[in-house]
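**Student:** Quick one: structure below, then a few questions.
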Amino acid sequence: DKNTYKVSGGLHGVGVSCVNALSTVLHVTVHREGKIFEQEYHRGVPQYAVREIGATTDTGTTTHFKPDGEIFTETSYNREILAGRLRELAYLNRKIRITLTDEREKDEQGNVLSEPFYSEGGIMEFVQMLDRNGRRNSLLPAPIFIEAHDAPSNVAVEVSLQYNDSFSENIFSYVNNINTIEGGTHVAGFRRAITRVFKTYGDRNKLFEKSKIEVTGDDFREGLSAIVSVKVPEPQFEGQTKTKLGNSDVMGVVDSAVADVLNAYLEEHPKEARTVINKVVLAAQAREAARKARQLVQRKSVLTGSGLPGKLADCSENDPEKCELYLVEGDSAGGTAKQGRNRAFQAILPLRGKILNVEKAMEHKIYENEEIKNIFTALGVTIGTEEDDKALNLSKLRYHKLIIMTDADVDGSHIATLILTFVFRYMKALVEQGYVYIAQPPLYLVKKGKEQIYAWTEEQRKAAVATLAGGKEDSVTIQRY
């Protein structure tokens, strides 16, 4: 309904209908045309017709609803999830103030918890936050900001981008404030403009001549953080989940908007332009080195056949669906894990120390790393398929459960984070297919005589001592892992 909303994330107008059907109570108050209206529903059934209850100078709608406990097993809301989404909306809609109030908890002064979300700079601040949280150092003095409106299609475009010293691409895209995690035509238009504009600038100024390697679109996106946000009156999504935009005209609109601003920026900032081009050249050289390193990983697995890592304690089962691979830290942990495992379906691979931080390493260094090569070999995965020479090939995957099992202390948490980062960046298909798990080992074992209780937190440890010895720590044995 274009008379109600300029743009909307909804497609079918069933949002409030579904909430109503799934709530025990839903109450709506509308301030409109100088009047206040209300209506209440119980489990989707109206309790009375829409009625006028007063006068107002405001406009807007307030909706109260209570999830139906007979439908949902969990009806309490997670404040952190809501806060994350509202923070995102504040960045995407600059200068709009959003307040999250949680009346379930109070602060030390007895006040209800209330958190405001407001962004003066919008998606420029969003990009800066992404790099700050990722501990990436920016290469440009400030993010580049692009804002445009295409009159024929009535599509509005906002883009902010920043280059940093990392080796990965971080692009987040939105359509009418919906996160399109699979991208779509708006992201394709953005990438096309980035590649074309930088390539043209580099060729014109003879900045690629020394590299002796043909640069590709991927090279221009290494170390790029960006937010691409479009407002589309009639969005067409591929699939019901709204994760990929399909409007073909949006690609050209975004491409044109980004190219116009970027061309002007490069001409006005030659120093920054050269900084980015130098990074692109390095990315191309690293890509070529990584290609050779990937071929070595591929060739090694082909030539050596079943040459599994020497430290791998494999299982006897051959069916991948029944097999589990535990990644543990060090030989000592590997030893105890081997003693406690079920040999039939549980395999153990000890890793030596902290594995490489792939977020800060060049790609070819990753494929040359011994521990990472061992993970590839043990899993039986390789790089390259018939369709894509960089895609993960799972055709010979040996385990359908990859379990990261590190100590419960800070060090163990750090190692688990490093492994997860590697898996997410270079074996994402395993995550997407639900093959990756994190073990939850206890931090303490509290023992008295033949009774023992495992504890995962300090609070649980104290509770275990209270249970076994009435709180007397000197009468129990506490083992910290």
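A Cβ is built for glycine as well, from the same backbone N, Cα and C atoms used for every other residue.
These came from Swiss-Prot, pasted as-is:
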type    : residues       : note
BINDING : Glu329, Asp407 : Mg(2+) 1 binding site
BINDING : Asp407, Asp409 : Mg(2+) 2 binding site
DOMAIN  : 323-442        : domain 'Toprim'
SITE    : Lys354         : site 'Interaction with DNA'
SITE    : Asn357         : site 'Interaction with DNA'
**Student:** Averaged over the domain 'Toprim' (323-442), what pLDDT does the prediction give?
**Tutor:** 88
**Student:** By DSSP, how many residues in the domain 'Toprim' (323-442) are helix, how many strand, and how many coil?
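**Tutor:** Breakdown, helix to coil: 52 helix, 24 strand, 44 coil.
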**Student:** Distance check, please: Cα of Lys354 (site 'Interaction with DNA') against Cα of Glu329 (Mg(2+) 1 binding site), rounded to an integer number of angstrom.
**Tutor:** 8
**Student:** By a simple count, how many Cβ atoms lie within 10 Å of the Cβ of Lys354 (site 'Interaction with DNA'), its own Cβ left out?
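**Tutor:** A 10 Å sphere around the Cβ of Lys354 (site 'Interaction with DNA') contains 15 other Cβ atoms.
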**Student:** Could you state the CA-to-CA distance between Asn357 (site 'Interaction with DNA') and Asp409 (Mg(2+) 2 binding site) to the nearest Å?
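**Tutor:** Asn357 (site 'Interaction with DNA') and Asp409 (Mg(2+) 2 binding site) have their Cα atoms 19 Å apart.
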**Student:** Would you kindly give the Cα-Cα distance separating Asp409 (Mg(2+) 2 binding site) and Glu329 (Mg(2+) 1 binding site), rounded to the nearest Å?
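**Tutor:** If we compare the Cα positions of Glu329 (Mg(2+) 1 binding site) and Asp409 (Mg(2+) 2 binding site), the gap is 12 Å.
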**Student:** Other Cβ atoms within 10 Å is the metric here; tell me which of the binding-site residues Glu329, Asp407, Asp409 scores highest.
**Tutor:** Glu329
